[in-house]
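Taken verbatim from TrEMBL:
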BINDING   D32, E219  Mg(2+) binding site
ACT_SITE  D32  active site
BINDING   33-37, R45, H49, 77-79, W81, R83, R200, 206-208  substrate binding site
ACT_SITE  N80  active site, proton acceptor
Amino acid sequence: MRSQKISTKENSKLSNEIDKLRVPKHIAIIMDGNGRWASKKGLPRSFGHNKGVNVLKEIIKVSKNLDCQVLTVYAFSTENWTRPSTEVDFLINLFEKVLKKEITEIHQESIKIKFIGDLSPFPKALKSIINSSETLTKNNKNFTLNICVNYGGRQEIVKAAREIAIKSLAGEIKPSEIDEQLFNSQLLTHGIKDPELLIRTSGEKRISNFLLWQLAYSEIYITDVLWPDFNEIEFFKAIIDYQSRDRRFGGIQSLPNKSCKDSNYSS
Ligand code: FPP
């Protein structure tokens, strides 16, 4: 009871420190540490992933309340296939189970859900629920949740390069027309503005093949907290830290790390 009171007090103290007009409009998250969290407690790794889903739900709610418009989370990387097949199967089943259970509420909350990555190796049942969830929510306007699955930044860049080469060979694009904007339009994230902030939990100081192109100028916040222990307070800390940064984008003059209110952050 006492600790709940303290944390409510800390929540509102931190919430008051946030400049609500400068909340990043797009936050990317590497949700790391599920396995270690469970092992530390002597539990199977799957318990960490289950707890991780609850944390994600909380962070979506908090982000929405803060008027952050887009969250992009790394749920399964192209490298995660190397895990034991029991864990891979567990994660695939978890994605399907969570989507089935939550999609009605996600839609009621006017959240647009989008999966980013190569879905082809996933089982038919998962692909089907992903497809129907994206179709159901495609016109929702309140918030966008991008879930990266079987996603790899290098693979995404190679795919974009290949598509541009094909168009160029077909005479649709001249090499002189290839610029950042055109390249960007071939990425899986086309139509979505780059994240202003990347949060990585569990203390690892790596990008791990996540959004390699899109994170070029993002602020990076790393916390030792493991994803299953991440919460509203830790999220507020990340935003307060972000708001203290001096964003110069390679120049010498500070630009306000202000998010543009009227920008459309999702397609
Ligand atoms: C990283 O922790 C976490 C993952 C590979 C899976 C993340 C997935 C979720 C939180 C579930 C999301 C659910 C939906 C429906 C989007 P780790 O296992 O690498 O932890 P470790 O580094 O401690 O081993």
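Please read every residue number as a count from 1 along the shown chain.
Heads up, the Cβ atoms here are built off N, Cα and C, so glycines get one too.
The Cβ of H49 (substrate binding site) lies under 8 Å from the Cβ of N34, F90, L91, L94, each of these being in the same chain and 6 or more residues away along the sequence. The distance from the Cα of G33 (substrate binding site) to the Cα of the residue listed as 'active site, proton acceptor' comes to 14 Å. Using a 10 Å Cα-Cα cut-off from R200 (substrate binding site), the recorded positions that qualify among D32, N80, E219 are D32. Listed binding-site residues: D32, G33, G35, H49, W81. Those with a CB atom under 6 Å from ligand 1: D32, G33, G35, H49. Each residue contributes its Cα atom, and for E219 (Mg(2+) binding site) and T78 (substrate binding site) those atoms are 24 Å apart. Residue pair I207 (substrate binding site) / N80 (active site, proton acceptor) shows a Cα separation of 14 Å. The least crowded of the binding-site residues W37, W81, judged by other CB atoms within 10 A of its own CB, is W81.
Its own atom aside, the Cβ of G35 (substrate binding site) has 21 Cβ atoms within 10 angstroms in the protein chains shown. Using CA atoms as reference points, the recorded positions T78, N80, W81 were checked against D32 (Mg(2+) binding site), and the closest is N80.
In three-state terms derived from DSSP, R200 (substrate binding site) belongs to an extended strand segment. The least crowded of the recorded positions T78, N80, judged by other CB atoms within 10 A of its own CB, is N80.
Note on I207 (substrate binding site): other Cβ atoms within 10 Å of its Cβ, all shown chains, come to 17.
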